[in-house]
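Lifted from Swiss-Prot, the feature list:
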BINDING   19-26, 81-85, 136-139  GTP binding site
BINDING   26  Mg(2+) binding site
DOMAIN    10-217  domain 'tr-type G'
REGION    19-26  region 'G1'
REGION    60-64  region 'G2'
REGION    81-84  region 'G3'
REGION    136-139  region 'G4'
């Protein structure tokens, strides 16, 4: 069968399900594909097709993730669901599947549980910008309380909702403005809709995704940034730096900054080449060579970035969320302690840094995730949300994300 052509007529938004084990993330994922395919076209994916998530390797870390897609009237959604808690931790920290927004699934019969809290914290740390809540298993709660019209049901729902809004506030998400939809993913998956808890609730959830999660800014519309991979000097022409444009556009004649490792310097782009052809501009996703005026071969090095002036700044100290590879993943066999000084691999280069563990944490075991403050020996062009690998002698032992810049 011929591959279907991917239609680019709708904006593309990346989402995913998060929440405590057995609260119904995978059931809701399957229900979303079923309801959307029936109402707005596309293909439904069965629960088993999502639950048997294939393992992927991202930066040497094994992560089990399921990817499904569905359409709303105005958008195309790519949705990621993970089978186990550890997979969520790894996925969110490595940015293997970056989310423009998350669907927090919480069982209304249980209310918020430890992983509910942990996934909200992780979303904050790794920069998931928006959360929409689905209060699942509303049919079971209604059964326990004597029906959806009973006072007890209304009180219980209100209580769980209040707890969730407070929890979101704790981690600096706007609890009061967050859309919360109650329903039953299982009913929706089975095509039932008693008391509008099934299909209708899932439709309401999709409407909330459409209205509450803004369309993400495309990489090409963001300020120009290109990590420097290599530097050449071409006699009579000057210095050329090569790399893959991470975001934005660089045009011939534009002023640029060289940021990181040393003091920030200014330069001008006098040419862009790709495959030995001269271009007027280089765009996000392209591998290009940028010719720089007045910049000497020794003024630039791998690990720096070329960027739009003022758009990114160099820093050395930051708070991060880290996942430490387990022994089975080829990581360390032993824990590390405070004073640990590995290399931090940002974009194209390693920089040594010292780790400060949170209060009360004596050591970090392989397979753990932990918040820590890192101080690098050289500044790196950095923003919150930037991903990095932790290495020892060229071997990856962890992955992390910049949660907050300190200095």
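Placed from the backbone N, Cα and C atoms, the Cβ positions cover glycine too.
Annotated features, which come from Swiss-Prot, shown on the structure.
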| residue | record | Cβ within 10 Å |
| --- | --- | --- |
| 19 | GTP binding site | 26 |
| 22 | GTP binding site | 13 |
| 25 | GTP binding site | 27 |
| 26 | Mg(2+) binding site | 23 |
| 82 | GTP binding site | 24 |
| 85 | GTP binding site | 14 |
| 138 | GTP binding site | 28 |
Residue numbers, six or more beyond the limits of the region 'G4' (136-139), whose CB comes under 8 Å of its CB atoms: 23-24, 27-28, 105-109, 148, 157, 182-187, 194-195, 197, 201
Entries of 82, 85, 138 which, being binding-site residues, have CA atoms within 10 angstroms of residue 26 (Mg(2+) binding site): 82
Residue counts (helix, strand, coil, in that order) that DSSP gives for the region 'G4' (136-139): 2 helix, 1 strand, 1 coil
